[in-house]
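Undergrad: I have a structure here, written as structure tokens, and I will follow up with some questions on it.
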């Protein structure tokens, strides 16, 4: 999705991109645990993302200003790590394991079922912002594969049919 489209979409869902004083205080508390500001960036981005759901261009600009580092430095970290989201994501994050073991045990059928029922491709978010579908290389549950995680809930031995029931429980 183009950045301009994402920005326009975010305006429609009325997201405010301004850090509160309390959030700024917490950011400086995070920095205290690190030797440099740059080394604290991942934790800062995770903290900000927890509040806003994703890291917008406006938040990067504001962080650069208060941390006195370049936007490029922040963008570099934000785009490198797959768990830092640079566009709006769904209320429910679905991660399907695509490791070798899950692949052998049918993760492709799971992926196809999820894509069909959500009407999205991998890496996309549903139009109603209920779900985002992401691959993950291993959920550490290989003996019970295929496995998916929805938010913090792990589901084992899933089938292309059982994922449909799971989706309904998160509506």
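Backbone N, Cα and C atoms are what each Cβ position is placed from, and that goes for glycine too.
Copying in the features that Swiss-Prot gives for the protein in this structure:
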BINDING   97, 102, 138, 142  [2Fe-2S] cluster binding site
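Mind mapping these onto the model and telling me what they sit next to?
TA: Here residue 138 ([2Fe-2S] cluster binding site) comes close to 97, 99: these same-chain residues lie at least six apart in sequence, with C-beta atoms under 8 angstroms from its C-beta.
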Undergrad: When you average the Cβ positions of 97, 102, 138, 142 for the [2Fe-2S] cluster site, which other residues in that chain have a Cβ within 8 Å of that mean position?
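TA: The answer, listed by sequence position, is 98, 99, 100, 101, 107, 137, 139, 140, 141, 145, 146, 147.
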Undergrad: Counting other Cβ atoms within 10 Å of each residue's Cβ, which of the binding-site residues 97, 102, 142 comes out lowest?
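TA: Each of the binding-site residues 97, 102, 142 was scored by Cβ atoms within 10 Å; lowest is 142.
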